[in-house]
Structures are given as C-alpha cells and as structure tokens.
Ligand SMILES: Nc1ncnc2c1ncn2[C@@H]1O[C@H](COP(=O)(O)OP(=O)(O)O)[C@@H](O)[C@H]1O
Ligand SMILES: C[C@@](O)(CCOP(=O)(O)OP(=O)(O)O)CC(=O)O
C-alpha cells in the first residue's frame, strides 16, 4: 500500500504536470508519479506506431491524437470504469507517496475512493483561460466540452485548490501548500 495518495485534477494547460513534476523533485524517492493516461498512451503508441515520449510530453504531438485516445478510452471505461486507474497503479511502489497527476472523471474519484479511501487527498489546479491559452490551450469541441475535461467541474470537496494562473503564488508556496497535506511522516 502507498503511504498517502495525492489526486490532482485540472483542465489542460492548468499545470498538472508542471506542479506534480516539481513536487516530485522535492519529495525525491519518497514519491512516485502515476498517470492514468499512461496506459492509454502506451496502448495507443504501440497500436499506431507512435512516439510514446512525445505523447507523454506537453507537445503539440499529443494533441493530434487526443480525440482518438479519448474516444477509445471512454469505450474501455464503459466496460470497466477502473481499468486505466488499476493499470496505472499496478506497478507503483509500496510505502511511498503516490502522486496521481491526472484524475478527470467522477469514476476516477470513485475508483480511488473504493480502493484507497482513507489514504486520499484531492487537489484541484485552476488557471484562467488566458493563461492556459498562453500555454497552448485552444478550445476544441469534443474535447473541452466533454467528460474528459469537465466531469469534475462540479466537484467541490477538494482538500486543496491551487490557483496556477495569472494570480498564482510563488512556486515554493504552491508546493508548500501541497506538502501541508502530507500529515504522515514521510
Ligand atoms: N506555474 C507555471 N510557471 C511557468 N510555466 C508553467 C506553470 N504552470 C505550467 N506551466 C507551463 O505550461 C505548460 C502546460 O503545463 P502542463 O503542466 O503541461 O499542463 P497540464 O498537465 O495541466 O496540461 C507547460 O509548458 C508548463 O511548463
Ligand atoms: C486521452 C487522455 O488520457 C489524454 C490525456 O493526456 P494528458 O493527461 O497528457 O493531458 P493534459 O495534461 O490535460 O494536457 C484524456 C482522457 O480523457 O483520458
């Protein structure tokens, strides 16, 4: 079992990868980053002969395949809503902090609550649209108005909400607010 699980949610280009990568640098080998999208991208890369590293990066490359990955993964979730959460957590190390950088759907939340309820802390990252646009966000129907991006918009029970937009605090203060959630001795 992990020591504690930090579940991060936020719209694209809000800065989920940016903040969780920095958190990982601070926590070092005491933590592990888990991406629910990793098994999706691995499958997609293998099936279609694509570059997995590019799919995993913040590049434009992944945007070309986002809609297809989204459609395929939603079909899979229809059969088993926990399939990617389970696959993503499968090889994660015991006794560390798990940083799940991309919960998107109520069913992701449900799966983690059912399997690891008492260990969870939930964090929502927000950023104003202008800042997200500066980072490369460009609204696309079928992506930005569906569950993948919107399902947790009406979730209000976050343990922490971090503004990572124009009015954001300094990075170290943002990270400190996350570290304050780690009440377990790590
Ligand atoms: N606080 C920040 N300061 C500077 N650059 C940031 C910040 N947050 C995010 N970025 C940059 O914005 C881009 C999108 O961030 P990313 O973490 O990939 O977003 P997401 O994972 O939510 O789609 C990246 O190039 C990232 O480096
Ligand atoms: C098909 C996806 O898994 C692709 C997700 O890729 P990323 O998690 O890399 O996206 P952002 O960080 O928001 O830019 C989306 C889904 O709904 O599962």
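Keep in mind that glycine also has a Cβ here, set from the backbone N, Cα and C atoms.
Any TrEMBL annotation is an automated prediction that lacks curation.
For reference, TrEMBL has these:
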BINDING   11, 12, 13, 14, 15, 16, 17, 135, 174  ATP binding site
BINDING   164  substrate binding site
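According to DSSP, residue 13 (ATP binding site) is assigned to coil rather than to any helix or strand.
Minimal Cβ crowding within 10 Å, among the binding-site residues 164, 174, is found at 174.
With a cut-off of 6 Å between Cβ and the nearest atom of ligand 1, the binding-site residues 11, 15, 164 reduce to 15, 164. Between the CA atoms of residue 13 (ATP binding site) and residue 164 (substrate binding site) there is a gap of 10 Å. A gap of 7 Å separates the Cα atoms of residue 164 (substrate binding site) and residue 15 (ATP binding site).
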